[in-house]
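The active site, proton donor/acceptor annotation in Swiss-Prot covers H134. Positions annotated as active site, proton donor by Swiss-Prot, on the basis of sequence analysis: K138. Residues or ranges marked as NAD(+) binding site in Swiss-Prot (evidence: sequence analysis): G9, A10, N11, G12, K13, M14, G78, T79, S80, A104, P105, N106, F107. Swiss-Prot lists H135, G144, T145 with the feature (S)-2,3,4,5-tetrahydrodipicolinate binding site, giving sequence analysis as the kind of evidence.
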Amino acid sequence: MRTRVIVNGANGKMGILACETLENHEQFEVVAKLSRQDNLGQSILDTKAQIVVDLTRADCVYENSLTIINHGARPVIGTSGLVETQINELTKLCEIKQIGGIIAPNFSLGAILMMMLATKASEYFSEVEIIEGHHQQKLDAPSGTALKTAEMIAAARKKPKNKLPLKELTPGARGGSHHDINIHSLRLPGLLARQEVLFGNIGETLSITHNSIDRRCFMPGIVLACQKVLNLTNLVYGLEHLL
C-alpha cells in the first residue's frame with residue numbers, strides 16, 4: 001500500500017515538482033494538492049494523509065506545522081521562516097503526540113554536504129562568515145540554510161571569533177548575526193540558491209560553496225524525507241540526520 005501524501009503549496013514551482021516526483025514514485029500516493037485557499041486540517045482528515053509536505057511561505061509555515069501535527073499527520077517542512085522558539089515548540093508538540101516530523105532548511109544533498117563540511121572546518125577555523133544568495137521571490141532573509149549552517153558551526157567550533165572594534169559607516173554593512181556568525185543575504189535575478197561559507201586564518205582562506213541551479217536538485221531530499229519520516233517518533237531539524 002502506498003503512503004498517502006498531501007503537498008501543501010502545490011501550485012508553486014517547488015510544489016509542482018514535488019507533486020510530479022511523488023506521483024511518479026512507487027511508494028507514494030499524492031492524495032491532495034493544496035494551495036492557500038484550501039483547508040489543510042480538513043484535507044488531512046478527509047484523505048487520511050500520513051504525510052504533509054509543506055512548501056508554502058514563511059508567514060504561514062508555523063501555523064501549517066501546528067495544523068499538520070495536531071491532525072495526526074507527519075510534517076515534512078521545506079518552507080523557511082521558522083525561528084528557534086517555534087522549532088522548539090514544534091519539537092515539544094511532536095513529543096507529546098509521538099509523531100515524527102522533519103524540518104529541512106534545505107533538501108539538496110549537495111547543500112547538506114556543504115553544511116557538514118563547514119561544520120568540520122569550523123573545528124580548525126574560528127573566523128567564518130556566510131554569504132547566501134537567492135532569487136528575488138524569496139521574501140525572508142537570511143535563508144533557513146544559512147541559519148542552520150551558523151548553528152552547526154557554532155556548536156562545533158572550539159573557540160570564539162575575534163571581536164573587531166569597527167564602526168559601521170552604513171548600518172548593516174557587516175550583515176546580520178546568528179550565533180555570533182555574520183550572515184550576508186543577496187537577493188538577485190539570475191540566482192536560484194547559493195551559499196558560500198568563507199573561513200579565514202593567518203595567510204589563508206577556505207571557501208566552501210554550493211550552488212543550486214535547478215529545483216530538481218531538491219527532489220531526492222524530499223523523497224528521502226518522506227521515506228524516513230514514518231519511522232521517526234520525534235521532530236528532526238535538518239536532513240543531515242537522515243543521511
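The backbone N, Cα and C atoms fix where each Cβ goes, glycine too.
Same-chain residues with CB within 8 A of the center of the H135, G144, T145 CB atoms, the (S)-2,3,4,5-tetrahydrodipicolinate site residues themselves not counted, are S80, P105, N106, E132, H134, K138, S143, A146, A193, Q195. Taking the Cα atom of each, G78 (NAD(+) binding site) and H135 ((S)-2,3,4,5-tetrahydrodipicolinate binding site) are about 16 angstrom apart. If you draw a 10 Å sphere around the CB of H134 (active site, proton donor/acceptor), it holds 24 other CB atoms from the protein chains shown.
Here T145 ((S)-2,3,4,5-tetrahydrodipicolinate binding site) is positioned 19 angstrom away from K13 (NAD(+) binding site), judged by their C-alpha atoms.
Within the set of binding-site residues (N11, S80, T145), the lowest number of other Cβ atoms found within 10 Å of a Cβ is recorded at N11. The residue listed as 'active site, proton donor' and G9 (NAD(+) binding site) are 14 Å apart (CA-CA, integer value). Long-range neighbours of F107 (NAD(+) binding site) (same chain, six or more residues apart, CB within less than 8 Å of its CB): G78, F218, M219, P220, G221, I222, A225, L239. Spacing of N11 (NAD(+) binding site) relative to the residue listed as 'active site, proton donor' is 16 Å (Cα to Cα, whole number). Secondary structure at the residue listed as 'active site, proton donor/acceptor', as computed by DSSP, is strand.
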